[in-house]
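The block underneath contains the structure these notes are about, expressed in structure tokens.
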Amino acid sequence: MHTHGEHHAQTAPRQIILLGSTGSIGTQALDVIDRARLEDGSPRFEVLALSAGGTNPQLLATQAVRTRAAAVGIATGDGAALQEMIDDAAAAAGVRGYRPEIVTGPDAATRIAGWSAPGPGIVVVLNGITGSIGLAPTLAALKSGALLALANKESLIVGGQLVKDAAAAGQLVPVDSEHSALAQCLRSGSAAEVDRLILTASGGPFRGKSREQLADVTPAQALQHPTWSMGPMVTTNSATLVNKGLELIEAHLLFDVPLNRIDVVVHPQSVVHSMVQFTDGSTLAQCSPPDMRLAIALGLAWPDRVAGAVPACDWTKAANWTFEPLDSQAFPAVELAKTSAQQGSTFPAVYNAANEQAVHAFHEGRIGFLDIVETIERVLGEHSANPQLTLDSVLDAEGWARARSTERLALISR
Ligand SMILES: NC(=O)C1=CN([C@@H]2O[C@H](COP(=O)(O)OP(=O)(O)OC[C@H]3O[C@@H](n4cnc5c(N)ncnc54)[C@H](OP(=O)(O)O)[C@@H]3O)[C@@H](O)[C@H]2O)C=CC1
Ligand SMILES: CC(=O)[C@@H](O)[C@H](O)COP(=O)(O)O
Ligand SMILES: [Mn+2]
């Protein structure tokens, strides 16, 4: 058993369990893992297990051979077919005798999240799954005692206090760039010194547009993020500002700061990743070019930094950073998220589930861009929360919200 959050000179590689290895976070994590070295030049991280959904089994097989992961999970698809792909990838790479354990089925990521390392040492689970399907793996990782590097914000938001209660002090490390920034700014000093948290938002591809102009934007335009290259769900959420709404709730849960002391400011350059304002009028900001490998590396090595994780800002070059208020008329998603968090209980789970359903419908061309947040608002308005927050009540609320959203989306479908 190790104590989370204490600095110790790292002498042995950390064992990494990577959930969502084929995605944007997952592939960037593998790049960090490949490059990071201990002082003696040996690998700083080793991959213990990988898991993915199943849309790209070939990539998963290649990753398995490259990392020699002991276990490989896949949610959909055939284990035998994956084994064959791994055998072929191993043969192509000249690797002999590599036979990982293969875990298949809807609970594969949950089983992989709790995978035991063969020896002592620190295990880190990086949850890079998209969507609230990541909740059970998050809970399994926390139960196993591993450090949880959390990119999958949805699991914390929908699980709320359940996830917080499952986490030991310092066991949950945020990987979301804003929350990694806040965690870095909060590393010293007491909670009493903190006045406000300031979350930065790029504003997305539609910054500056009116509601009228937003009515006709297309899915392809919504996927053109101005500063980050990410998976389609979080990119769309950035366009609607739902991502910032989710991140407001995430910050409130992670740092125990009341919702009315967390602000959102639009910063189109995405270099200041977030800020903490202290009671004496001082503000600390964390700055780096928009590259998730910084937050991923810090999450994997927490509380230590990984030298050379990303190139730093070039302070010899002229640069302009700008800040502007969020247009809440055009983008009501943040206010809606705040209200859902104030209502508490299962409301944030409903906010997220309705959004996930609506985003899929938008990308299928069935609804317009503005219908996404309008659907969340409608479904939240019809929700009667169960005052008891349990895993069952969260899953029930999500099931209800998905069904209710599906009905509404069918009614408004083009
Ligand atoms: N990308 C980024 O830069 C950032 C992402 N985040 C957050 O990180 C998370 C991941 O985002 P991102 O990497 O962009 O998403 P992607 O869509 O790029 O990747 C999602 C990954 O999850 C996997 N997956 C989907 N369903 C399952 C399942 N049931 N079991 C196991 N794996 C599954 C996918 O597998 P398959 O390939 O088979 O579909 C894929 O590997 C999200 O919560 C996002 O909000 C936060 C900050 C920045
Ligand atoms: C990189 C990251 O953390 C994303 O969640 C990012 O925040 C998206 O950018 P915006 O939501 O600010 O557009
Ligand atoms: Mn973010």
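Glycine residues also receive a Cβ, built from the backbone N, Cα and C atoms like all the rest.
The shown structure was predicted, so the numbers you read here are calculated from the model rather than taken from an experiment.
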Query: G208, G231, G245: which one does TrEMBL list with T22, G23, S24, I25, G53, N56, N152, E154 for the NADPH site?
result: G231
Message: Looking at 1-deoxy-D-xylulose 5-phosphate binding as recorded in TrEMBL, which candidate out of S116, S132, S202, S282 goes with K153, S177, E178, H225, S238, N243, K244, E247?
response: S202
- line: Cβ density check for E247 (1-deoxy-D-xylulose 5-phosphate binding site), other Cβ within 10 Å (all protein chains) comes to 29
Message: So if I take the binding-site residues (N152, K153, D176) and measure from each Cβ to the nearest atom of ligand 2, which come out below 6 Å?
response: D176
Task: Could you check which of the binding-site residues T22, S24, G53, N152, H225, G231 have their CB within less than 6 A of ligand 3?
output: none
Message: Counting across all protein chains present, how many other Cβ atoms fall within 10 Å of the Cβ of N152 (NADPH binding site)?
response: 27
Field: In sequence order, those binding-site residues of S24, G231, E247 whose CB lies under 6 Å from ligand 1
entry: S24, G231
- prompt: For G231 (NADPH binding site), what is the tally of other C-beta atoms lying within 10 angstroms of its C-beta?
  reply: 16
